[in-house]
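As structure tokens, the structure follows; a few thoughts come after it.
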């Protein structure tokens, strides 16, 4: 509350001044019968305007309006008097005290009131003008402060990447030398690039820095799974070309993989390629001195993760409900919608923020956890035992991913020993290795799903197809 409000709204002060004004007014002989109602209305309106102005002005401005406020402060005590008679008496008493010479020159009550109103109007204009001037001064000060702060912040924001780029052209940087937008893991203390061009970033693939392990783990993984994919879809692959041997003493007819089987595996491989390649590109450009490019590459990395999760879940749903077209297609459609969300959401501005790191992790875990619903559904229709046996090969993949999420989310081991794992052994590198393990184990599990697609996915049909070796050790 402002200083004037504290003074005038205090009940003891107000009541004291008001009582004195009433007492003084009562001593004045006053006959309002001959006074025009317009004059009385004008006085009442003016007093109300003064009251409203005094209520609205803040203390810092009021403290500067010294002489005007001292004169109006007494008037404020009369504003809540119940009748216009009391207000007129009190106003004339105050005016007579302050402007005795001006009022004594007037012989009639009408003239005295007119003079008092003129004085009050003059003081109200002074009060209003002074408050506007103080407000303008205050706003001017705020604008100067805000402008200086904005200019300083802008210069620092623009200049920090320039300084870092100049230093980064000569050497690797420390964490505290990076601009704030590029500071990601405070436990990795050294070995940072900060490069001005995409060409320099590509060249950095071939020398050592703290992103080298992140780039090469997934780049080598990309080439490995590219070779596996080429072999898998070639004529040399026994999984799609070799007839089935006997099972339980019976010879089952050869049931080759149809186009949908190949399509499901193709989608899985493409998702793996996208994830690993986008990850390598992101880490290649993670410290480029262009924030837009850096954020774009980060979003592509997130999209790659989303697509891989969705494709992995689709493989499980496709073979789990191999002969149940309605359930199979419904689950695949729902997972595809999750995948679409995983492609769109990373481009929202809030997603790639340091403050929302936990939200990104939760988002990806939620996508993966969507696979639990079809698994529970399979347990209901196939039985818990057979479903557990069928899903067991996936446990290695799930365990690998969960281990990776744990070390990545907690930034182990560099959190325990900052600076010791700057170039080798950081949580992100371990996370990359866990992703490779998760992909490999999911692929081997998918091969098992294909071999048992009629035995488990169509329990009322074929009795099963025996495993065929030769591609990936089981």
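Using the three backbone atoms N, Cα and C, a Cβ is placed for every residue, glycine included.
TrEMBL: automatically predicted annotations, no manual curation.
If you take the C-beta of residue 283 (Zn(2+) binding site) and look for same-chain residues 6 or more apart in sequence within under 8 angstroms, you find 211, 214, 215, 218. Feature annotation from TrEMBL assigns Zn(2+) binding site to 283, 428, 432.
Look at TrEMBL and you will find 215-234 (among others) tagged as transmembrane segment.
According to TrEMBL, the feature transmembrane segment maps to 263-286 (among others).
According to TrEMBL, the feature transmembrane segment maps to 298-319 (among others).
TrEMBL lists 331-351 (among others) with the feature transmembrane segment.
Annotated transmembrane segment per TrEMBL: 363-384 (among others), in sequence order.
Sequence annotations record features per position, and here TrEMBL assigns transmembrane segment to 430-450 (among others).
In this chain, the transmembrane segment (298-319) lies close to the transmembrane segment (430-450): three or more C-beta pairs between them fall below 8 angstroms, excluding pairs fewer than 6 positions apart. Shown in sequence order, 211, 213, 214, 215, 217, 218, 279, 429, 431 are the same-chain residues outside 283, 428, 432 whose Cβ sits within 8 Å of the Cβ centre of the Zn(2+) site.
By number of Cβ pairs under 8 Å, the transmembrane segment (215-234) is matched best by 263-286 from the list 263-286, 363-384, 430-450.
Shown in sequence order, 185, 213, 214, 408 are the residues of the chain, 6+ apart in sequence, with a C-beta less than 8 angstroms from the C-beta of residue 428 (Zn(2+) binding site). With a cut-off of 8 Å between Cβ atoms, the residues of this chain six or more beyond the transmembrane segment (331-351) that come close are 299, 302-303, 305-307, 309-311, 313-314, 317-318, 321, 359-360, 363-364, 367, 370, 373-374. Every protein chain considered, the tally of other Cβ atoms within 10 Å of the Cβ of residue 432 (Zn(2+) binding site) stands at 25.
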